[in-house]
Amino acid sequence: MFCIQCEQTIRTPAGNGCSYSQGMCGKLAETSDLQDLLIYILQGVSAYAVKAREFNIIDAEIDTFVPKAFFATLTNVNFDDARLIEYVEQANTYRTRLKDAYEAQCAANGVMVAEMSAPAQLVLATAKPELLAQAPLAAPNRGDVHEDILGLRLLCLYGLKGAAAYMEHARVLDQTDAEVAGSFHEIMAFLGEDSVDVDKLFATSMEIGQLNYKVMAMLDEGETNAFGHPEPTQVNTVAVKGKAILVSGHDMVDLELILKQTEGKGINVFTHGEMLPALAYPEFKKYPHLVGNYGSAWQNQQKEFANFPGAVVMTSNCIIDPNVGNYSDRIFTRSIVGWPGVTHLVGDDFTQVIEKALALDGFIYDEIPHLITIGFARNALMAAAPAVIENVKNGSIKHFFLVGGCDGDKADRSYFTDIATQAPDDSLILTLGCGKYKFNKLEFGDINGIPRLLDIGQCNDSYSAIQLAIALSEAFECEINELPLSLVLSWFEQKAIVVLLTLLSLGVKNIRTGPTPPAFLTENLLNILEEKFGLRNTTTVEADLNTILNVA
C-alpha cells in the first residue's frame, strides 16, 4: 500500500504517505492496492481509447465508465473490495473491446499497430489473490524516480481524479461531451506512460485545470437545466418532527428521486453536507417534505448519523466507517460509493430506504428553527453584481474574500472560522464546498442590503465564483488579479486539487491554501508554485489579513 492523496495521510521525517496495513481514512491496504490496479487498467483503457479515436471510433459507454470508475478511487468513496474488483474486471473487458476495434482498423487500413504502454498490455489476473500480487506494478510511487517527478505525476493524477468526479456528476445530469472525454483519455493515457518530463508534466497539470473548467461549466448547465437557477433561500438547520431520511453527497438526481418516492408517505427529507445547496433550486421547493439541512461537514458524520433517527443515503463522497456509530444497518450507498456490509442500491427504486425510515422513530419533536441563507450561485451573483459594483465604487465594499473548499477535522482548521469572522466589516465573504460549515451558521450582517456572507454552493460551484470575478474585472476594466479579491481555500482531497488547478490554469494568482500543503508536493514544487503563481500556505489569521489588506 502507498497512498498520499488526502490531507490526513501519514507524515513522518522518514517520508510521507500511508503505507501500512490501513490508511488514515480507514482504507485497508488490500483496498488501496485494488484501487491502484483499477487506475492502472483504466489508464490502459484510455490508451486504447486514444488510438481508437484515430479511426473515429468513439465508444460513449466507455467514455462514461472510465471517469466513473476512477471516481471510485477518490478519498472516502469506495471501501468495498468486491465492488472494486467488479470495476477492474469491467475495465479489462472494455480495454479488450477497444483493443480489438483498434487493431481491426489497423489491419483494414494497412497500418502498423502502435507500441502500447504497460497499462495497456498487462495481462490481468482473474482472482483476488493474484490481482493483489499484480498491484505493486500499479503503485503510484512505482519505479525509482526523483521526488519532484513523483510529486508532479501525483499532482496530475489526483487533479484528473477530481475532474473525473465532476465528469460523473455532470453525466448523471445528462451532460457529456465527446471532446472532453477525448481530452480526458489523452491525459489518463499519458499518466500511464510514467513520464519523467518535468515541463510536460507541469503543462499537463494546467491542461487538467482547463479541462475541469469545461466540466464545471457542463455541470452548472446540467444542474440549472434540471432544477432551475439557485435563488437566495432561507434554510432550517435543525430537527423537524416526523419520520426522516437524510441525503448526503452531491447527486441531486437521487435527491429528486427520493423526494418523488416519499411524497404522501409522512417522511421528511433532509440534506446533509454538500447536498445543502439543493434547497436553493426552484425545482426542489415544490416538495414541502424537503424540510431542511441536518448536520454539517463529512468528518462529523459518525456522530451526526448516529444521532439521526432515520435512514441515510450516501449518493457520493464522503463516507467513513458507519460501524463506529452503529448505524450500518440504516445507511445505504449509491453509484460509486461502497462500504463492506452496507446495503448498496442499484437502480432508481428507494423502497428499502423508505421502509427503513418508516420503521425507525424519526424525530419526536420540532426544534426551534435556526435559519441560514444559501443560494448565491451564478445567476443570483450576476443579478447582485450591479449593486455590488455600486457599493465598491462608493467605498462601502472594499474587499472580497472567497473562503471555502473541503472541511476536515484538524484543529488548525479553526483558521477558516477566524479569517471569516475577523474579515473587515466592509468586506464580502463568498463561500462554497463543505468548508462553509466552519462559519455558515454565524451572523455576518449586510452591507447596504447585500449579505456579507454569500453561500455559492457546492465545491464545483467555484465556477460561479469565477464568473463573478470575470464580471467584476470587466466592470472595473482590470485583470482578475488586480481585483480586491483574496482566495483562501481549504483542501482535503482530489476535488479541491482540481479546483486549484482550474484557478491556476486561468491565471488566478496569490491563492492561499491550508491548513497544510499536500504531502505529495515537495518543497521544490511548492517553491515553484509560489514563484510562478504566488500560491502559498496559510499562516496566522492576523498575518494573512495584514498581508491581504496591505496593512504595514
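Numbering starts at 1 and runs along the chain as displayed.
Using the three backbone atoms N, Cα and C, a Cβ is placed for every residue, glycine included.
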Quick check: of Cys459, Cys478, which does Swiss-Prot put in the same hybrid [4Fe-2O-2S] cluster site as His250, Glu274, Cys318, Cys406, Cys434, Glu493, Lys495?
Cys459
I'd like to know which of the binding-site residues Cys3, Cys6, Cys18, Cys25 sit within 10 A of Glu493 (hybrid [4Fe-2O-2S] cluster binding site) at the Cα level.
Cys6
Show which residues of the chain containing Cys18 ([2Fe-2S] cluster binding site), separated from it by at least 6 in sequence, have their CB under 8 Å from its CB.
Met1, Phe2, Cys3, Ile4, Thr9, Ile10, Met24, Cys25, Lys27, Ser32
Measuring CB to CB from Glu274 (hybrid [4Fe-2O-2S] cluster binding site), give everything in the same chain under 8 Å that is also at least six residues away in sequence.
Ser248, Gly249, His250, Trp298, Gly433, Cys434, Gln458, Cys459
Provide the three-state secondary structure of Cys3 ([2Fe-2S] cluster binding site) computed with DSSP.
strand
Looking only at C-alpha atoms, tell me how far Lys495 (hybrid [4Fe-2O-2S] cluster binding site) is from Cys6 ([2Fe-2S] cluster binding site), rounded to the nearest Å.
10
When you measure from the Cβ of Cys6 ([2Fe-2S] cluster binding site), which residues in the chain that are at least 6 apart have a Cβ under 8 Å away?
Met24, Cys25, Thr75, Asn76, Phe492, Glu493, Gln494
